[in-house]
Amino acid sequence: MTRYCRGLSQRQAFLLLTVLALLFILLFVVKDPRAKDSRCQFIWKNDASAQENQQKAEPQVPIMTLSPRVHNKETTSVSSKDLKKQEREAVQGEQAEGKEKRKLETIRPAPENPQSKAEPAAKTPVSEHLDKLPRAPGALSTRKTPMATGAVPAKKKVVQATKSPASSPHPTTRRRQRLKASEFKSEPRWDFEEEYSLDMSSLQTNCSASVKIKASKSPWLQNIFLPNITLFLDSGRFTQSEWNRLEHFAPPFGFMELNQSLVQKVVTRFPPVRQQQLLLASLPTGYSKCITCAVVGNGGILNDSRVGREIDSHDYVFRLSGAVIKGYEQDVGTRTSFYGFTAFSLTQSILILGRRGFQHVPLGKDVRYLHFLEGTRDYEWLEAMFLNQTLAKTHLSWFRHRPQEAFRNALDLDRYLLLHPDFLRYMKNRFLRSKTLDTAHWRIYRPTTGALLLLTALHLCDKVSAYGFITEGHQRFSDHYYDTSWKRLIFYINHDFRLERMVWKRLHDEGIIWLYQRPQSDKAKN
């Protein structure tokens, strides 16, 4: 009995130990999964880190992220409409990034989007390295009222800019995108619109009755007339920074959409103009004189005017385009000091008026040529002129002659002057800003060649007389003084004749120029 009880106690002890061992094993099994999960988690983190490092080492591809507006608060699914919208925003964002690389940071117009119209205009500061050349201070812009009443300085106007929300492409994939006129529904106005190249070494006139002196005292002109603005473009004034700046303006007021290689090739052939004020520089040292100039337009008002001798009595005579002289000497004179033209106006004049005697430009060792560069065809004209080739493969292919033939192969580059785009834009902005620029037809507008020539004379001469320009009662006269039969003056949309007529009248009324006007009872022969 005693043995049985002792054996039972041993078995109980063994069972107790077994139970304790099982409990210990159970406790270990319960704890072990946590330790295993933690290790798996560590391994996963290492794998994720390795993948992340691998992604960083590989070339980055632009990733389109969804705007917060696309996500719904309760779900992350996106409709196809939203995806298409986001794709458009991504493309616009990439374009905006490309434009930001320009050295000149600008104000861009807002895209056609109802939401963007409600946003305020974003103004971007101008780059500090616009150009080494001095700039004209102040800024002018358009007004709701016509500028023909005097181009009074107004508050600066800039176009609206809105950047689309999208991720930026990799720096190595960015490309500088060129501006295109088709991107704008009206003329773009940049925050550096009114900055012009100035000639700080410009000669000063000693004539107390000079246009420049009168302009400085005129309430209308004193804030808009720049007597020392750069007039001419040459090899010394063509730089990369100038190209970057002027590429924001459409020709003839800049280089937008032009071929930089072509422009550089021809412009750098022209020697630097030593003195912008050519006529003042021609005066003997210490000589005081008021330089008088006659600017002769081609208007029918000159037919039977008998002012030819009066025109020739001026120190310098400016003519333009189809300047027919033979047979009209009594009406328009015979002398020519400056001849203004565009490649198109010159080729057209030779083609149409060749039988009337205008077969080449006015010739003479003292004649200077003023070329107003309208666009690509003008630079193609210059290239063909330097190569002494025809214009067969250009925008003027219909003109069968070599450009040098128009100058009778006696061209002297010292007397061939290119008008600076800054100067042309200045004349447009401050004197002849048409309402057309605020419409979809903005790209084709420019002042007439005669208007550009007259305003050029205002910046070269002391006293200016204008003949053959549009005036009140122009309906009485034919389009041109050399017309053999009466032709009505047609107001094409690419010019603003009414604006020019009002500006010439105001300049005349303020004594800035003298404008030839026929009495109301007079009529031309034709």
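Backbone N, Cα and C define each Cβ position, glycine as well.
Listed features, source Swiss-Prot:
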- 81-106: compositional bias 'Basic and acidic residues' (COMPBIAS)
- 161-171: compositional bias 'Polar residues' (COMPBIAS)
- CYS207-CYS290: disulfide bond (DISULFID)
- CYS293-CYS461: disulfide bond (DISULFID)
- ASN206: N-linked glycosylation site (CARBOHYD)
- ASN228: N-linked glycosylation site (CARBOHYD)
- ASN259: N-linked glycosylation site (CARBOHYD)
- ASN303: N-linked glycosylation site (CARBOHYD)
- ASN388: N-linked glycosylation site (CARBOHYD)
- 49-182: region 'Disordered' (REGION)
- 1-12: topological domain 'Cytoplasmic' (TOPO_DOM)
- 34-526: topological domain 'Lumenal' (TOPO_DOM)
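Positions of the features from Swiss-Prot, shown on the structure.
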residue	record	DSSP (3 states)
ASN206	N-linked glycosylation site	coil
ASN228	N-linked glycosylation site	coil
ASN259	N-linked glycosylation site	coil
CYS290	disulfide bond	coil
ASN303	N-linked glycosylation site	coil
ASN388	N-linked glycosylation site	coil
CYS461	disulfide bond	coil
Using a 10 Å cut-off between Cα atoms, which of these recorded positions sit near CYS461 (disulfide bond): ASN206, ASN228, ASN259, CYS290, ASN303, ASN388?
CYS290
Return the count of C-beta atoms lying within 10 angstroms of the C-beta of ASN388 (N-linked glycosylation site), excluding that atom itself.
12
Closest to CYS207 (disulfide bond): which of the glycosylation sites ASN259, ASN303, ASN388, going by Cα position?
ASN303
Within 10 Å, the Cβ with the most other Cβ atoms among the glycosylation sites ASN206, ASN228, ASN259, ASN303 is that of ASN303
Close glycosylation sites near CYS290 (disulfide bond), where close means Cα within 10 Å, chosen from ASN206, ASN228, ASN259, ASN303, ASN388:
ASN206
Measure from the CA atom of ASN259 (N-linked glycosylation site) to the CA atom of ASN388 (N-linked glycosylation site) and give the result in Å, rounded to a whole number.
20
Candidate nearest CYS293 (disulfide bond) in space, where candidates are the glycosylation sites ASN206, ASN228, ASN259, ASN303 and distance is Cα-Cα
ASN206
For ASN228 (N-linked glycosylation site), the close glycosylation sites (Cα within 10 Å) drawn from ASN206, ASN259, ASN303 turn out to be none
One should report the C-alpha separation between ASN303 (N-linked glycosylation site) and ASN259 (N-linked glycosylation site), rounded to whole angstrom, as 42
With the cut-off set at 10 Å between Cβ atoms, which of these disulfide-bonded residues ends up with the most neighbours? Options: CYS207, CYS290, CYS293.
CYS293
